[in-house]
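What TrEMBL annotates here:
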TRANSMEM  6-25  transmembrane segment
DOMAIN    65-309  domain 'NADP-dependent oxidoreductase'
ACT_SITE  Tyr89  active site, proton donor
SITE      Lys114  site 'Lowers pKa of active site Tyr'
BINDING   His146  substrate binding site
Amino acid sequence: MAVQVGSYRTYIVVAVFSMVVLSALRRLTTTAPVPRLMASPLIIPLNDGKRIPWLGFGTGTALFGKDAANAVRVAITNGIIHLDGAQLYGNEDSLGEGIAASGKPRSELFVTTKLAPVPEGKTVRDTLVESLKKLRLDYVDLFLIHMPIHHQGKLKSVWKQLEELQKEGLTKSIGVSNFRIKDFEEILEVATIVPAVNQIEYHPYLYKTTKPLLEFQKKHNILTTSYGGLTPIVRHKGGPLDPVLASIRERLEKDTGKKVSEGQVLGLWLRSQGIPEITTSSKEERVKEYVATQSLPDLTPEEVEAINEAGSKVHHRAFCKWLDDSE
């Protein structure tokens with residue numbers, strides 16, 4: 001009988017101990033922060049403490065001046081939460097319509113818009129308030145100066161106005177697009193807030209040209225985001241990158257057992273540098289391909305270097321060609 005009592009007491013002690021451990025583990029797994037950089041969607045930190053999703057869906061290029069509502073809804077439905085618009089694109093209203101139609105909570109989305117030339121008699125704030133009405137939002141997550149050449153002689157003043165908009169809460173983060181080093185040097189003379197982002201055309205055929213700018217931005221902790229990243233395969237096919245991309249694609253397909261595109265390889269090249277990819281498509285199948293890039297394994301250092309070397313053999317800029325003339 002004594003043996004039975006002892007066994008019973010042992011059972012109780014073990015059971016209680018197990019419950020305590022299980023409870024602790026449950027609290028740990030529900031309260032411990034998840035490292036978002038390793039999660040899907042991939043998230044990149046900004047210099048102001050905010051974070052930007054690595055994959056963005058743009059409403060320019062193919063959607064420029066067009067109704068983007070359905071394309072935006074499809075993108076969100078397939079898991080893209082970073083939406084990139086601009087006043088110049090002429091479709092902020094349909095971007096807002098697509099966001100509303102998706103049913104996705106505002107808190108789970110990251111929305112960017114960009115400043116066009118400021119009309120006579122209006123302020124930067126006036127234009128953003130108008131954009132917010134079109135977008136059906138109370139704030140954007142990121143507001144960018146779209147082109148430095150739109151504000152010649154006024155760039156410092158425009159940047160100070162963006163700083164005020166961030167303080168007011170109409171935008172969570174502020175940054176620039178298509179900026180050169182000399183444009184940064186101009187605004188940094190007066191800036192109390194360093195730009196969080198510079199959105200530029202960036203792909204392997206601009207790798208060599210862009211290196212000094214990337215080094216400058218790294219020094220100031222300014223994140224590069226890329227548009228036009230698929231240019232080597234959609235706007236400049238037949239270059240020295242073609243066989244390199246094909247070889248890497250084959251390796252990835254063999255290792256993963258999945259179909260991999262050369263566009264995804266270019267996305268992985270951007271990801272290897274911590275550079276968010278802004279891309280677009282009116283085809284749901286292509287959107288799914290972009291999203292799937294996030295779950296593919298990293299390129300090897302040798303593959304990244306092979307892309308850099310091949311890309312350095314050609315210079316090709318598809319957008320904002322004035323940048324080449326002003327270097």
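Quick reminder: no glycine exception, Cβ is built from N, Cα and C everywhere.
Of all Cβ atoms in the shown protein chains, 21 besides its own fall within 10 Å of the Cβ of His146 (substrate binding site). Summarised as a single figure, the pLDDT of the domain 'NADP-dependent oxidoreductase' (65-309) averages 97.
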